[in-house]
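Undergrad: If you look up Swiss-Prot, you'll see T19, G20, S21, I22, G45, N47, N130, E132, G211 marked as NADPH binding site, on the strength of sequence analysis. Under the heading 1-deoxy-D-xylulose 5-phosphate binding site, Swiss-Prot lists K131, S157, E158, S182, H205, S218, N223, K224, E227. According to Swiss-Prot, the Mn(2+) binding site annotation covers D156, E158, E227, on the basis of sequence analysis.
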Amino acid sequence: MTDGSARPTRRRITVLGSTGSIGTSTVDLLARIPDEIEVRALVGGCNAALLAEQARRLNAEVAVIHDESRHEELKTCLAGTGIRTAAGRQAVIEAGAMEADWTMAAITGAAGLEPTLAAARNGHAVALANKEALVCAGDVMLRAVAEAGATLLPVDSEHNAIAQSLGGCDMESVEKIILTASGGPFRKSSIEEMRAATPEKALKHPTWTMGAKITIDSASMANKGLEVIEAARLFGLTEDRIDVLVHPQSVVHGLVQFRDGSLVSQMGSADMRIPIAHTLAWPKRMVTPCERLDLAAYGRLEFEAPDEVRFAPLRLARQVLRAGGAAPAVFSAANEVAVDAFLNRRIGFLGIGETIDAALQAMDENPELRTLDDVLHWDARGRALAEAHILRQSGGLRNDVSENALNA
């Protein structure tokens, strides 16, 4: 006989990328269920003050900051709290490897690959918000998940919507899936207007509030391209079974077309706490403060096909998904370099797609990526190819020396 007064076991939680946009939304939800959780680790990038505030709020066991130059500031902020601190790349990986029942993997870019893999190898639930883990290292990640018996829970609103819309049905019943896109700030812009677009204009997303990198990705539709590749990995689908629809209201987040003709969708307000809460409470549901959707207030929902001429990254993403091998890793790496260059006014907005295309065209081979070292090698290679293109465009690198620069 069990004691009815016994308290349920607290779930052990780790948040990788707690100071980013997904991470802060996650912390907000965790702070609402303090009696149900035990926060093992919070990992941030360079914002020591925010990381310390989060660690105190959640009474975390350890706070880890990637930027080693901010470690002293973090220690000062947490002095006398009993919360341990650590810093640097290896400390971030070790935080990912800590035994936890649920890990939020929200470190963006290639920097998130190693800690996300470490979390998957624990064999528990990983809420995946790091696109690169599946885009660049899909085979490596899925193999680690399978070998450890882990559960991969998609956080991206579109993939989470697909998972909810499937409702437990097997993929043989699925004809295709449809990912939605807001269209970003340039949905109605001409090529000439997009060519002249500034970072300030590109950062004004019409419906979502996100970090700078993902906001620019949304504006270029590189984000949707990455999501097409990620969806193929997550759901085991070929490129021709993944459609994209532009839906400016951002109310419908994803749809599943079943072979019997049924079309099932997931809808909700544009608040990332909704998909995060779904992964946190899965297979149950939790109460959230998110705004409830009032469909009558919208009156009308719009859908249109994306323009893959103006939004070249989406077209290129489909090409690399069909090509396989190292191409997706090069696409992702080149996009990161291009977005950074655009934000720093080194290239124009359309230069993002041009840089990705140039990096892909410059690949002299396209091998399968079987290990993390393979992935990291081609990530670095993609960055070098992209940077070489940007330098050539600005007159800073001659064609005859570019290969030496890439192989340095």
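Note that Cβ sites are derived from N, Cα and C of the backbone, with glycine treated the same way.
Map the listed features onto the structure and describe their local environment.
TA: Summarising the environment of S21 (NADPH binding site), the number of other Cβ atoms within 10 Å of its Cβ, over all protein chains shown, is 20.
All chains included, 18 other C-beta atoms sit within 10 angstroms of the C-beta of H205 (1-deoxy-D-xylulose 5-phosphate binding site).
A 10 Å cutoff on Cβ-Cβ distances gives D156 (Mn(2+) binding site) a total of 27 other Cβ atoms nearby, all chains included.
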Undergrad: Would you pick out, from the binding-site residues T19, N130, N223, the residue whose Cβ has the largest number of other Cβ atoms within 10 Å?
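TA: Max Cβ neighbours within 10 Å, all protein chains included: N130.
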Undergrad: For each of the binding-site residues (G45, G211), count the other CB atoms lying within 10 A of its CB, then report the residue with the highest count.
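TA: Sorting the candidates by Cβ neighbours within 10 Å, the top entry is G45.
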Undergrad: For E158 (1-deoxy-D-xylulose 5-phosphate binding site), what is the tally of other C-beta atoms lying within 10 angstroms of its C-beta?
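TA: Neighbour count, Cβ to Cβ under the 10 Å cut-off: 26.
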Undergrad: Could you check what DSSP calls T19 (NADPH binding site) once collapsed to helix, strand or coil?
TA: coil
Undergrad: Of K131, E227, which of the binding-site residues has the most Cβ neighbours inside 10 Å?
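TA: Per the Cβ count within 10 Å, the most buried is E227.
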Undergrad: How big is the Cα-to-Cα gap, in Å, between H205 (1-deoxy-D-xylulose 5-phosphate binding site) and D156 (Mn(2+) binding site)?
TA: 17
